[in-house]
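So that you can see what the record holds, here are the features copied from TrEMBL:
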{"type": "COMPBIAS", "residues": "9-26", "note": "compositional bias 'Polar residues'"}
{"type": "REGION", "residues": "1-26", "note": "region 'Disordered'"}
{"type": "REGION", "residues": "50-74", "note": "region 'Disordered'"}
{"type": "TRANSMEM", "residues": "86-106", "note": "transmembrane segment"}
{"type": "TRANSMEM", "residues": "118-140", "note": "transmembrane segment"}
{"type": "TRANSMEM", "residues": "152-171", "note": "transmembrane segment"}
{"type": "TRANSMEM", "residues": "204-223", "note": "transmembrane segment"}
{"type": "TRANSMEM", "residues": "235-253", "note": "transmembrane segment"}
{"type": "TRANSMEM", "residues": "273-291", "note": "transmembrane segment"}
{"type": "TRANSMEM", "residues": "312-333", "note": "transmembrane segment"}
{"type": "TRANSMEM", "residues": "353-385", "note": "transmembrane segment"}
{"type": "TRANSMEM", "residues": "433-455", "note": "transmembrane segment"}
{"type": "TRANSMEM", "residues": "467-486", "note": "transmembrane segment"}
{"type": "TRANSMEM", "residues": "492-511", "note": "transmembrane segment"}
Amino acid sequence: MFQHAFQANHLQNGHNGSVKESSKHGWNNNHFPPIDDGFCKNSAANFRGRSTETSAPDPCGPGRMRESLEGSCTKTKDPVQLQKRLGLFSGVALIVGTMIGSGIFVSPSGLLVRTGSVGVSFIIWMACGLLSLLGALAYAELGTMNTSSGAEWAYFMDAFGSAPAFLFSWVSTLVLKPSQMAIICLSFAQYAVEAFISECNPPIIVVKMVALLCIVCILFVNCYSVNLGMAVQNIFTSAKLIAVLIIIVGGAWKLFQGNTQHLSNAFNNPTPSMGVIATAFYTGLWAYDGWNNLNYVTEEIQNPSKNLPRSIIIAIPLVTVCYALINISYLAAMSPDEMIESEAVAVTFGNRILGLFAWIMPLSVTISTFGSANGTLFAAGRLCFAASREGHLLDILSYVHVRRLTPAPGLIFHSLIAGAMVLYGTIDSLIDFFSFTAWIFYAGAMLALIVMRYTKPNYPRPYKVPIIIPVIVLVISAYLVIGPIIDKPQLEYLYTILFILCGLVVYVPFVHYRMHPAFMNKVTIFFQMLFEVVPTSQMAMFD
């Protein structure tokens, strides 16, 4: 095993032993030897996210013009690679399982607080679902056009080049994905601990320790096996849909009994301001977040040109309908004021409806949040893998375990940052930061789609949306970013923008000018041997 690690690293350094001289991509010192057997033309420039505009036949096979983006020319030779193991059911389970997490159990009261109106909050719930569907359909075109993993990172590489793609990987790897996982794990811990403490609020330190334990368990599952990770995802998604069905049936029973008083006067309160509506959208969209997670793992989807859009078209309307019926069920069992006062709306609902079986609700929430955290880490590790493979992150993050074929270093890296956020952050502060930053990049993805319609019109697009869809999502995304700043300016928004731009301080020397500190070679060797991982792009040399 360690022999393979040393062989891979030796080949990385080139025949002259100099890492710096053989590096073509800054931090990623992978060395591609010349190949004269029909290897994809311009593969060094096109590898993982870039392609020329020509539609000439691909040496990899007829009708496969963009296989260089997928790395298929080398995959057939690589004994170590990420396998295509996700079918339609697993794709739907990943989207649904990630979207239905803690949001629907935490956000209903948050929306009511911010809007002050049952009717307006319900409209925002539906609008969030429609916006998520439109955004996901646009992502389906992007994902079938470029089937590299990494989602926005790959699309920014195609449309804008290296610098914007690096800024996305910089923010997503250090902040967005870890904060998303930290929020979900904190929610998991809150509900799990409350099941054992009924007379007082659970100690914060206990909640944080349980959240850390959750992260460790999910990390183990995803490092051990891709099949195990997806099996956990499929099982937990099925279990949470059963829990959703229990809530819907309970609410229908209350409505059948005539408890409609909280729904009859839905629009009595004043209409909130536009800025307030934008911040309310943040709360609702947090419950829908995860609609783009399947795009992070497109290299592992079987027949992505069909299964990616199909998964999206099935999953997101399903989640939207579930959320609408869940909110109606909540209002059939309790008043808006009671929902606002409740720190655990689903638990309160269970106490009102289920009687002796009220324990099902806390259990359902813990199952739901655990499954959502599992899907979040599953996708986040692939972003590290794709970006570092292009040289935008540390080499070691693009390596794959030689036996289990999982991107273990990327998974571990994300988990460590998420654990730090669990220790030093709170749910509310993390949600606000996550939502504001995420929609900056969602807008960028819509702009990338629009730009490539004109700059790369000959790219094959197995699935194509009307141009009005990305335009609508782009306008709404800009509103969601600008609206809160105008309504209530805060220094935190400025700090967020500055943090994004600080990525250029790292990008210029280490990516653009390809500086490679000498000590990083020893660091890479150490972690390569520790984790028993190898770079997929080098393993073909051993055949």
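The backbone N, Cα and C atoms fix where each Cβ goes, and this holds for glycine too.
Long-range neighbours of the transmembrane segment (235-253) within the same chain, counting only residues 6 or more positions beyond its ends whose Cβ lies under 8 Å from a Cβ of the stretch, are 93, 96-97, 100, 322, 325-326, 328-330, 332-333, 346, 349, 353-354, 360-361, 364-365, 367-368, 370-371, 374. Counting Cβ pairs closer than 8 Å to the transmembrane segment (204-223), the top stretch among 273-291, 312-333, 353-385 is 353-385. Contact check: the transmembrane segment (152-171) against the transmembrane segment (433-455) gives at least three Cβ pairs closer than 8 Å, residues 6 or more apart, which meets the contact criterion. A contact between the transmembrane segment (273-291) and the transmembrane segment (467-486) is present, since 3 or more of their C-beta pairs, 6 or more residues apart, lie under 8 Å. With pairs at least 6 apart in sequence, the transmembrane segment (492-511) and the transmembrane segment (433-455) have 3 or more Cβ pairs within the 8 Å limit; the two touch. The list of residues near the transmembrane segment (467-486) in space but at least 6 beyond its ends in sequence, with Cβ under 8 angstroms from a Cβ of it, reads 131, 134-135, 137-138, 274-275, 277-279, 281-282, 285, 435-436, 439-440, 442-443, 446-447, 449-450, 453, 493.
Within its own chain, the transmembrane segment (312-333) has Cβ neighbours under 8 Å at 88, 91-92, 95-96, 99-100, 104, 108, 118, 121-122, 125-126, 129-130, 132-133, 136-137, 139-140, 241, 244, 247-248, 250-252, 254-255, 259-260, 262-263, 287-288, 291, 294, 339, 345, 349, 352-353, counting only residues six or more beyond its boundaries. Through the fold, the transmembrane segment (118-140) approaches residues 99, 108, 111-112, 151, 262-263, 265-267, 269, 271-272, 277, 280-281, 284-285, 287-288, 291-292, 295, 308-309, 312-313, 316-317, 319-320, 323-324, 327, 331, 336, 442, 445-446, 449, 463, 465, 469-470, 472-473, 476 of its own chain, all at least 6 residues removed from its boundaries and within a Cβ separation under 8 Å.
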